[in-house]
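According to Swiss-Prot, the features are:
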ACT_SITE  CYS40  active site, thioimide intermediate
ACT_SITE  ASP47  active site, proton donor
BINDING   LEU62, GLU63, THR64, HIS81, GLU82  substrate binding site
Amino acid sequence: MALTKLGNPEAKADRSLETFPIDDTSQEIRIDCREFTCRCPITGQPDWATIRIDYRPGGRGLETKSLKLYLETFREEGIFHEHLATLIRDDLVAALAPVQLTVTVNFNARGGIALAASSTYRREA
């Protein structure tokens, strides 16, 4: 698969994720996304979060510009925090076919309450 977003100033936000071959499947890879925003599905108010992605590759690595553009698509979307962690996990698993992958979404406090949601995938042996 050719990388079409990296180095392309015309690349637009969409839900496609690009990957590249990676030989060392013993690696543990961590990606922190510190500027995530979406909206409350009830009030429409903005929510801010940090998203952490930890994965052991199954032969594919995640190209991070495509991840950035993917995450931008949620900016105006109303979604419950718990649903977001699972949706991102499912999309990443479909793109990467990893050995293991965990998505943790840490939302900033609202009304004095902070919420974190994690969703994990493990390939069956």
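Using the three backbone atoms N, Cα and C, a Cβ is placed for every residue, glycine included.
Here the structure is a predicted model, which means the values were calculated and not measured.
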Can you tell me whether DSSP puts ASP47 (active site, proton donor) in helix, strand or coil? strand
Which entry in the list of recorded positions, ASP47, GLU63, has its Cβ near the fewest other Cβ atoms, using 10 Å as the limit? GLU63
Helix, strand or coil at GLU63 (substrate binding site), per DSSP? coil
Rounded Cα separation (Å) that holds between THR64 (substrate binding site) and CYS40 (active site, thioimide intermediate): 26
From LEU62, HIS81, GLU82: binding-site residues whose CA lies within 10 A of ASP47 (active site, proton donor): HIS81
Within the chain of CYS40 (active site, thioimide intermediate), which residues six or more apart in sequence place their C-beta under 8 angstroms from its C-beta? PRO46, ASP47, GLY78
DSSP three-state call for HIS81 (substrate binding site): helix, strand or coil? helix
Listed substrate-binding residues LEU62, GLU63, THR64, HIS81, GLU82 - what's their greatest C-alpha to C-alpha distance in Å? 25
Within 10 Å of the Cβ of THR64 (substrate binding site), how many other Cβ atoms can be counted across all chains shown? 14
Counting all other Cβ atoms within 10 Å across every protein chain shown, which of the binding-site residues LEU62, HIS81, GLU82 scores highest? LEU62
